[in-house]
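According to TrEMBL, the protein has these features:
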| type | residues | note |
| --- | --- | --- |
| SIGNAL | A:1-27 | signal peptide |
| DOMAIN | A:41-372 | domain 'Pyrrolo-quinoline quinone repeat' |
| BINDING | A:Glu82, A:Arg136, A:Thr186, A:Gly202, A:Ala203, A:Thr268 | pyrroloquinoline quinone binding site |
| DISULFID | A:Cys130-A:Cys131 | disulfide bond |
| BINDING | A:Glu204, A:Asn288, A:Asp330 | Ca(2+) binding site |
| ACT_SITE | A:Asp330 | active site, proton acceptor |
| DOMAIN | A:483-558 | domain 'Pyrrolo-quinoline quinone repeat' |
| REGION | A:623-645 | region 'Disordered' |
| COMPBIAS | A:629-645 | compositional bias 'Basic and acidic residues' |
Amino acid sequence: MKKFLNSTSAVTLAIALLAAGSVTAIANDRLVELAEDPANWVMTGRDYNAQNYSRSTEISKENVAQLKPAWSFSTGVLHGHEGTPLVVDGMMYIHSPFPNTTFALALDDPGKIVWQNKPQQDPTARAVACCDVVNRGLAYWPGDDETDPLIFRTQLDGLIVAMDAKTGETRWQMENSDIAVGSTLTIAPYVIKDQVIVGSSGAELGVRGYVTAYDVRSGEQKWRAYATGPDEDIRLAENFNEPNPHYGQFGLGLETWEGEAWKIGGGTNWGWYAYDPGEDLFYYGSGNPAPWNETMRPGDNKWTMAIWGRDPDDGMAKFAYQKTPHDEWDYAGVNVMMLSDQEDREGNMRKLLTHPDRNGIVYTLDRTNGDLVSADKIDDTVNWVTEVDMETGIPVRDPEFGTRMDHVGRDICPSAMGYHNQGHDSYDPERQSFFMGINHICMDWEPFMLPYRAGQFFVGATLNMYPGPKGDRQANLGLGQVKAYDAINNEFKWEVMERFAAWGGTLATAGGVMFYGTLDGFIKARDSDTGDLLWKFKLPSGAVGHPMSYEHDGRQYIAIYYGVGGWPGVGLVFDLNDPTAGLGAVGAFSELANYTQMGGGVMVFSLDGESVYTDDINTGEYEPTSLIRGDRDAAKKQPSDRNPS
Amino acid sequence: VPALAYDGTNCRAPGNCWEAKPGYPEKVEGSEYDPQHDPMELNKQQESIQGMEARNAQRLNHFKQTGEFIFDVSEIPASSA
């Protein structure tokens with residue numbers, strides 16, 4: 001590893017990174033430029049580093065207690081509101097769960113809906129969604145000389161749709177996933193250069209996972225890469241895993257399965273992406289193998305549960321590291337990928353990727369070649385694995401906490417919901433802290449045999465879930481944690497318990513405040529250095545998305561969706577009582593309904609609640625147009641003209 | 001209690017470290033845990049994807065030729081499909 005920066009000063013480092021960002025940004029240049037402007041939030045994670053980090057400093061730990069609602073918007077839809085709105089060019093783009101309506105609001109007068117695009121979807125799509133009818137967000141392409149800027153949306157029924165960002169008109173829509181075989185879409189699309197990347201969902205219905213790239217202008221499919229099967233389907237580069245041959249290289253998409261089980265082997269990707277323009281690689285994680293019954297699929301089941309580095313132009317994989325060989329717990333490995341450039345303990349600058357996984361391990365890899373840099377337990381109560389061997393990359397399993405047929409596994413930590421789930425976390429480059437929203441849930445697990453029928457659920461396990469050892473198992477509370485993590489020194493700077501799982505992710509700000517929403521319906525602000533609670537506000541409903549920040553007319557705003565749902569909300573959302581229903585989530589979250597009900601919308605905050613409407617109370621007021629006023633005046637003068645006898 | 005051996009560290013090849021747990025079969029085919037998958041069912045996903053890719057190609061072709069996007073492939077004129 002070459003040393004390319006000697007300074008240890010965080011400030012110098014930040015400046016150098018900024019400069020490096022603008023030099024190496026070979027594409028999408030315009031998107032990188034837009035992300036530099038604090039007035040915008042152009043993609044999931046804010047920019048290609050996916051740090052959810054706002055450089056705005058107006059809201060700070062000194063004044064955050066003055067934060068008040070500035071305005072709000074109801075989407076008119078219930079169910080889980082995951083993800084976060086985008087803000088580009090003075091417009092906020094809002095997405096909703098099924099039926100996945102998209103709204104555009106102008107920040108100069110957010111009371112007026114500029115456009116809305118409401119698709120017609122086959123309602124049977126709802127029946128094959130494993131974990132509520134959520135959607136994780138939109139994507140934006142800035143346009144060029146010939147094509148106007150576009151907003152991209154995925155739909156639960158499997159379509160990827162391009163809409164004109166100014167008018168909302170549908171430009172094209174293509175079929176990516178087929179609900180007839182249990183394949184749906186909940187992932188947010190992701191734009192790299194002139195391509196839009198689309199993931200997949202449905203491992204609970206035996207869907208073999210794939211990721212696809214489409215041309216932004218036409219919808220033409222550029223490439224498609226699978227998670228299992230023959231190497232040509234998986235799209236492995238000639239030098240795949242050359243720096244780490246012990247991770248495994250060729251032929252394993254078939255050899256680590258018995259027979260044709262890989263055809264229904266899961267490995268869908270419904271989480272998040274990150275992209276390094278300098279390396280020209282994008283990163284994501286593949287999900288769990290199918291079915292949950294491990295006895296029905298002997299083998300390591302590659303390449304499910306892997307961290308991928310792929311070339312966005314042709315989809316070829318440069319590296320992959322399988323975190324959970326032969327999954328036995330549904331630790332779907334799709335979680336957030338946060339990029340950072342940090343000095344390692346030997347003082348070498350490293351280009352890193354940090355990834356808190358469902359399996360309770362937070363992985364940090366060298367994102368240029370896939371080298372394992374650290375693999376730490378998110379909480380010391382993780383018990384399925386004793387440690388990750390840093391030389392071999394192998395998780396050393398504790399057989400006592402494995403699962404198998406004719407056996408009830410008990411007190412396994414984490415549960416299938418993971419110690420970390422779909423929440424998009426944040427990284428503060430000044431403090432070199434990852435702020436992670438964590439789950440504290442363990443489980444009992446008993447598999448059962450079942451046939452595969454395309455379009456039907458293919459799970460094969462009965463679960464009981466409950467708070468982890470640090471929670472209150474009598475009251476069924478204490479299901480979450482929030483922690484600040486240092487990936488280089490392998491330590492937690494602070495940690496706090498939460499009543500429920502911190503499901504939605506976090507936002508870091510240069511003001512020294514980190515924000516997150518809670519399932520019981522609060523948005524909270526904590527001191528980035530100490531974790532002290534500085535401010536909170538009671539939202540209409542629980543939050544399962546992550547906060548974002550933008551500036552408008554020089555004022556900093558914090559926005560977050562409310563609307564409880566997702567996997568933890570299935571009991572409340574679908575009115576279920578059997579504790580093993582909802583894939584075991586109903587029991588764990590039996591107390592949730594005592595703290596929140598369904599909702600759906602956006603809340604926007606600013607210091608003292610100042611907004612375009614407090615700046616000028618007449619903003620957005622009804623004003624008769626001159627034409628109408630003229631008609632009225634004419635009618636007064638000549639009433640007979642309007643009502644001829 | 002058996003089934004306490006497999007810890008993931010004994011690899012037959014790089015990236016291939018699975019072992020049967022004590023008392024459980026190396027191969028499930030023919031065992032009491034044989035999933036007995038129906039090959040017709042296993043092929044349905046690939047058939048579905050081929051169908052979607054063919055319909056998308058028709059949509060793209062018409063879009064590229066005319067600048068007009070039609071989603072319903074039955075509405076796409078034969079000349080541009």
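Numbers run from 1 along the shown chain.
Glycine is no exception: its Cβ is also placed from the backbone N, Cα and C atoms.
Automated prediction, rather than curation, is the source of TrEMBL annotations.
Recorded features from TrEMBL, shown on the structure.
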residue  : record                                : Cβ within 10 Å
A:Glu82  : pyrroloquinoline quinone binding site : 28
A:Cys130 : disulfide bond                        : 19
A:Cys131 : disulfide bond                        : 22
A:Arg136 : pyrroloquinoline quinone binding site : 25
A:Thr186 : pyrroloquinoline quinone binding site : 31
A:Gly202 : pyrroloquinoline quinone binding site : 31
A:Ala203 : pyrroloquinoline quinone binding site : 34
A:Glu204 : Ca(2+) binding site                   : 25
A:Thr268 : pyrroloquinoline quinone binding site : 31
A:Asp330 : Ca(2+) binding site                   : 29
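For the recorded site, A:Glu204 (Ca(2+) binding site), the DSSP three-state label reads helix. Rounded to a whole number, the distance between the Cα atoms of A:Cys130 (disulfide bond) and A:Glu204 (Ca(2+) binding site) is 7 Å. Counting residues per DSSP class in helix, strand and coil order gives 0 helix, 43 strand, 33 coil for the domain 'Pyrrolo-quinoline quinone repeat' (A:483-558). The average pLDDT computed over the domain 'Pyrrolo-quinoline quinone repeat' (A:41-372) stands at 98.
With A:Glu82, A:Arg136, A:Thr186, A:Gly202, A:Ala203, A:Thr268 listed as the residues that bind pyrroloquinoline quinone, the site has a largest C-alpha separation of 20 Å. Near A:Cys130 (disulfide bond), with the C-alpha within 10 Å of its C-alpha, lie none of the binding-site residues A:Glu82, A:Arg136, A:Asp330. The 10 Å shell around the Cβ of A:Asn288 (Ca(2+) binding site) contains 27 further Cβ atoms across the protein chains shown.
Across the fold, the C-alpha of A:Cys131 (disulfide bond) and the C-alpha of A:Thr268 (pyrroloquinoline quinone binding site) stand 14 Å from each other. Among the binding-site residues A:Glu82, A:Arg136, A:Thr186, A:Thr268, the ones whose Cα sits within 10 Å of the Cα of A:Asn288 (Ca(2+) binding site) are A:Thr268. Classification of A:Cys130 (disulfide bond) by DSSP places it in coil, neither helical nor stranded.
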